[in-house]
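Student: Right, I'll just put the structure down here and ask away after.
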Amino acid sequence: MSDSAMEPQNPLTSGDFTAADEPFRLFSEWLKDAERSEPNDPNAMTLATVDPDGLPDARMVLLKGLDDRGFVFYTNTESAKGRELTAHPKAALVFHWKSLRRQVRVRGPVERVTDAEADAYFATRPRLSQIGAWASQQSRPLEGRFALEAAVATTTARYAVGSVPRPPHWTGFRILPVQIEFWHDRPFRLHDRVVFKRENPEIDWEKSRLYP
């Protein structure tokens, strides 16, 4: 027997993940696996919202915060997703790690992070990304690349000295999950699916397995 065969497996990342009784720790373990396996952006997730007419909208964003409250990403509040979340503060997320044959789905209401949280994260961003947050009128029509580069140059000159402050229209959103589903590929499409549900953060999660 090889040494690797003798090593105890982590039930949260092995085929026994269905025994987990709490989703956030399980998600954290899966994300760590993805950070070791995925070639690009293991924290990438599809964010789904709805527009004023109820038409679904989706795009890729990056997970930038995770705790037992929920999943956080940052954006321009005047962008399409920012406006949609302000008008209809509910969303869904999908993480798909192709190299691991795993998927996680998240659904729940959305809240804005505090100004202190947004300030703290903005301060960690590269300076050019901070400049871009001011220069880009996200989701609005752009005449051409030159117009964007001119806005970047103007903003760079404006903040040539000192730190770049966080724009008032730039903040984070936190998805407060009421449902988190874990999916793991199995042969012949006999996949493992486990879903955790709760109506609010004050109660315990209810777990159930689902047919593939």
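Every residue gets a Cβ built from N, Cα and C, even glycine.
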Student: Of the candidates LYS64, LYS81, which one does Swiss-Prot list alongside TYR121, ARG125, SER129, ARG189, LEU190, HIS191 as binding substrate?
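Tutor: Answer, per Swiss-Prot (substrate site with TYR121, ARG125, SER129, ARG189, LEU190, HIS191), from LYS64, LYS81: LYS64.
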Student: Which single residue out of ARG112, ARG127, ARG174, ARG193 does Swiss-Prot record at the FMN site shared with ARG59, MET60, VAL61, LEU62, LEU63, LYS64, TYR74, THR75, LYS81, GLN103, GLN138, SER139, TRP183?
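Tutor: Swiss-Prot lists ARG59, MET60, VAL61, LEU62, LEU63, LYS64, TYR74, THR75, LYS81, GLN103, GLN138, SER139, TRP183 binding FMN, and from ARG112, ARG127, ARG174, ARG193 it also lists ARG193.
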Student: Look up region 'Disordered' in Swiss-Prot and report which of 1-20, 21-40 it refers to.
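Tutor: That would be 1-20, the stretch labelled region 'Disordered' in Swiss-Prot.
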Student: Which one of the binding-site residues (LYS64, LYS81, ARG189) has its C-beta surrounded by the most other C-beta atoms within 10 angstroms?
Tutor: LYS81
Student: If one looks at the chain holding VAL61 (FMN binding site), which residues at least 6 apart in sequence have a CB under 8 angstroms from its CB?
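Tutor: Correct list: ALA44, MET45, LEU47, PHE73, THR75, LYS81.
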Student: Among the binding-site residues ARG59, LEU63, TRP183, report those whose Cα falls within 10 Å of that of LEU190 (substrate binding site); none is a fine answer.
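Tutor: If one measures from the Cα of LEU190 (substrate binding site), no binding-site residues come within 10 Å, so the answer is none.
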